[in-house]
Every structure is written in C-alpha cells, then in structure tokens.
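According to Swiss-Prot, the ADP binding site annotation covers THR17, ARG21, THR278, GLY322, ALA423, ASN427. Residues or ranges marked as ATP binding site by Swiss-Prot on the basis of sequence analysis: THR17, THR18, SER19, THR278, GLY322, GLN326, ALA423. Here Swiss-Prot flags THR17, ARG87, GLU88, TYR139, ASP256 as sn-glycerol 3-phosphate binding site. Here Swiss-Prot flags ARG87, GLU88, TYR139, ASP256, GLN257 as glycerol binding site.
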Amino acid sequence: MRISKANAYVAAIDQGTTSTRCIFIDAQGKVVSSASKEHRQIFPQQGWVEHDPEEIWDNIRSVVSQAMVSIDITPHEVASLGVTNQRETTVVWDKHTGEPVYNAIVWQDTRTSDICLEIAGEEGQEKWLDRTGLLINSYPSGPKIKWILDNVEGARERAEKGDLLFGTMDTWVLWNLTGGVRGDDGDDAIHVTDVTNASRTLLMDLRTQQWDPELCEALDIPMSMLPEIRPSVGEFRSVRHRGTLADVPITGVLGDQQAALFGQGGFHEGAAKNTYGTGLFLLMNTGTSLKISEHGLLSTIAYQREGSAPVYALEGSVSMGGSLVQWLRDNLQLIPNAPAIENLAREVEDNGGVHVVPAFTGLFAPRWRPDARGVITGLTRFANRKHIARAVLEANAFQTREVVDAMAKDAGKALESLRVDGAMVENDLLMQMQADFLGIDVQRLEDVETTAVGVAFAAGLGSGFFKTTDEIEKLIAVKKVWNPDMSEEERERRYAEWNRAVEHSYDQA
C-alpha cells in the first residue's frame, strides 16, 4: 500500500500560446509528473489570432487530472500551486454567468494597429513608454480590451454597468480555479492578477504597480473591469473548484517569460535568459531600479515577493520563433514534425543565400515595424527545401542577435553568456548557430521547460516549501554548453546579409 506524504510536491499550471501543461515537482526541483494538451488556434481574418477561453479551461482540468493520476497523488500531498500564462492575451467575460463575450484575443493579434496609431498620435508609440515600459502597439492588452468593447454588441454598455470582467489568462484561470461564478463555499471567486501580467497591459504604472486612471480613460476602459493587482509570490487563495486540486493554496503567479527567468535562477541583477517558444523572449534582471530602454526594448516587472519591492527587467520580444517552424510544417508541409527540421537543415552546409524573415504579424523588438510582412529572399534554382529549413533556424538566431545587441547597449555591457530554455533548445544545430551568431557561450539547463518549473519554484517560495532563492539556485544545473565556432569576420558578414533581407520586409502592410 502506498503511503502518502503531506506537502511533498508543488504543482504548476502553464497556460501557453499553443498548449496547456500541468507539472508536479519534488523538493529537489525535479519534475515528477507532466501532462499537456494543445488547443485550437483560431484565425478569423489575416492578422487576427484567437483562442477559446472555455476550451482552455476544460484543458486545464484535463491536464491537472492526468498529471495527478500518473503519479497517484492526492491534494493532501500538494503544498501549493503556481499559475503561469501567455501574457497580453485578453479575455472579457460576464461576471454573473462566467461566459466570455468574445474569444480571447491573443498577444500576436494585430487587429488593434489602427486603434494604436490613433492613441499614439503625433507623440508616437513611445508616448507612454516612461510610465508603462511599453510601446503603444497591438502587443499589450489595453487596445485589445478597447476593441472588444467597441466591436462586440452590447459589450461597452455591460462593462459600464459593471457586469463585465477583464483578465489576462492568469486572471481567467484563477477566477475559475477559485469557483467561477460562485465558489463551492458560497464566496465569490477572486478577480486578481499579478504585477508581471499587469505590467503587460499598457494600463499599469510601473512605478506604483497600480492601474493608471489616465491611461484607462485614454483607452476608454472602465476601471471596474480590471482585476486587483497583487505581488507574484504570496498568498492568493486556495483552489475552490470541485476538482483534483481542491483546497490547495495558490501562492505563485507569473507571466510566462518572467516564470522562465525565475526557473533559470535569474534572481540577480544582470542575469539574462532567452526562451525559444512560440516567440522568442529575452529578459534581463535590472534589479529594483526601473530602467527605460533607449534601443527598442520593453521595460517590465520580473517578479515581486509579498512585502518586498518589485524586481524589474528589460525585455526583447520577438513574435515568431517556434511558430515559424510550425508554419514550415503545417502551411508549407516541408517537414513531417517540428524536430525533423534539424536533420533536414544539416543536409546542407549553409543557407544557399536564402533568408526567411518571419514578419507574419509585423516585426517586434527591437525594430517594431507593424508594416513589415514575411519574405523569403535569395531564392534561385539552386535553392531547395533544405536551404529554407536552415534559413528558418537562422532566422531565430539572427532575431535573437538583434535583441542581444540592443540589450547590451541599454545595459552598458555585453552579455558574457546566454542561458536558454523552451522546446526549440533541444535543437543542437540551432544552439550552435546561436553561439556562432552571438560570439558567446550558450547554456542549456537540464530541464528546458523552465516556464512551468519557474512558477512552481515561485509557488514553493510563497508557501514555504522552498525557504530562499539561494536554495532554489542550488537546484538548477547547466547540462550543455555551446561555444562559438565562427570568425568575427564571418559573423558580421552573415549578420549584414540578414539585415539586408529584413529591409525587404518593410512597407508591406
């Protein structure tokens, strides 16, 4: 007979752009169980990307159950739960029925570009940069909320009456986990977010960590819709949904990229990581002093512990990373599955002069060109699918180089090495390309899915399962290092070719 052990594990829900995952870690920080499930990507029009919030909630319940059953544990054995999520993705729902008024508008969606141009006016997209750390563009949540209120029949009137709630995905998940319309104990569910997610809305003042009435008024968003902002690490509420994690306390909430930084042990000023997921996201811890970028990066909050000052970060966000490989698989059908791209790309020594610029929804950091669209340059009769596959991998490495260069200028010093995570870092060829194009070591950890592990660490810290960040750092180990194997002359020549290719993507929309 199995003997249960109270509070032996920490759980994490990782609600990502393409799938939802649940993991359990033990006291050594090892993943002992994991389950995941993909959800539909909805493309109603060119440039529009949506998800079904109710499908995602169903998937969350499914993966939590699967992960628990696989190791035969009970809620009694779970010390706490952490939640991490795709950031900026926007849900608006009726607080009386729990029904979304529209699909979730995903962070990649560009339908709000015209709204953003109007708001930015003559001052341009940097108008609120000093206050929010963000540019006025289609990326943050604020313009997405405005679009829903202006375009969904009756939504604005319902919002002004106080009947609608807004949340990024963490808020939607927390609201449902704590009972939804009515908790099982009769209490209302919590309508909250954490500082990292709130910092991605274009509605929060980074210095006060509070919603800014002036920004809300400028976007015509009723503040009654907005969730309470709380620190990332601390007590939220126990799960009150009649499900497999009933009564487990929720003690950590982080946006996905901040969770990855946490999972990499990025607790010290200057620590940096790059996540190779659906997009590419480079974050550098800048300590408790807010630094506003002068080179096309965003300023954000890395995390905040209850009772402590927030820790800030610089971020370079690239919209197309792993999703470019998915496009090669699903749209062009050049590979049967994502991992197959590595072997195909290895069949040629170089890209044959081909470059793929994945500006499918414009270019994000550090260029911020919403007018750009995807292009393939350098095609000749010599080029084949192997060259295109190699160019797709190189596009990820070159885009990262752009962000690393911008971050070095903002920080006043170059990175000495780069820690990486995400599904794509299993691709050894891509990691060698990255080291070559950066000219620094690239380090991969033992567990490459640091987003889920990171928020599990945060929840463990919030519940006392882990006592200090020093304890967490000791659990993190580098598994493999790639050293640069390219001359400086070759590196800069290749980078110049990439920059010429990118210029061909401009003025297309």
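Glycine is treated like the rest: Cβ placed from N, Cα and C.
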How big is the Cα-to-Cα gap, in Å, between THR278 (ADP binding site) and THR18 (ATP binding site)?
-> 8
By a simple count, how many Cβ atoms lie within 10 Å of the Cβ of THR17 (ADP binding site), its own Cβ left out?
-> 22
Cβ contacts within 10 Å for GLY322 (ADP binding site), all chains included, total 21
Long-range Cβ environment of GLN326 (ATP binding site), under 8 Å and at least 6 residues apart = THR18, ALA338
Which of the binding-site residues ARG87, GLU88, TYR139, ASP256, GLN257 has its Cα closest in space to the Cα of ARG21 (ADP binding site)?
-> ASP256
Where the distance is taken from Cα to Cα, which of the binding-site residues THR17, SER19, GLY322, ALA423, ASN427 turns out closest to ASP256 (sn-glycerol 3-phosphate binding site)?
-> THR17
Site diameter for ADP, Å, by largest Cα distance between THR17, ARG21, THR278, GLY322, ALA423, ASN427 | 21
Sequence-ordered binding-site residues within 10 Å (Cα) of GLN257 (glycerol binding site), taken from ARG87, ALA423, ASN427, are ARG87
Give the residue from the binding-site residues SER19, THR278, ASN427 that has the most other Cβ atoms within 10 Å of its Cβ, counting over every protein chain displayed.
-> THR278
Which one is it: of the binding-site residues SER19, ARG87, GLU88, TYR139, whose Cα lies the shortest distance from the Cα of ALA423 (ADP binding site)?
-> SER19
Cβ proximity for GLU88 (sn-glycerol 3-phosphate binding site), under 8 A, sequence spacing 6+, ordered by residue number, returns TRP107, TYR139, PRO140, SER141, LYS144, THR168, ARG200, THR201
Pairwise Cα distance for ASN427 (ADP binding site)/SER19 (ATP binding site) [Å, integer] | 20
Within 8 Å of the centroid of the Cβ atoms of THR17, THR18, SER19, THR278, GLY322, GLN326, ALA423, which other residues of that chain place their own Cβ, given that this set defines the recorded ATP site?
-> GLY16, GLY277, SER323
Using Cβ-Cβ distances, find the residues under 8 Å from ARG87 (sn-glycerol 3-phosphate binding site) that belong to the same chain and are at least 6 apart in sequence, listing them in sequence order.
-> TRP107, THR168, MET169, THR196, ASN197, ARG200, GLY255, ASP256, GLN257
If the glycerol site is taken as the center of the Cβ atoms of ARG87, GLU88, TYR139, ASP256, GLN257, which further residues of that chain fall within 8 Å of it by their Cβ?
-> GLN86, THR89, TRP107, ARG200, GLY255, PHE281, SER317
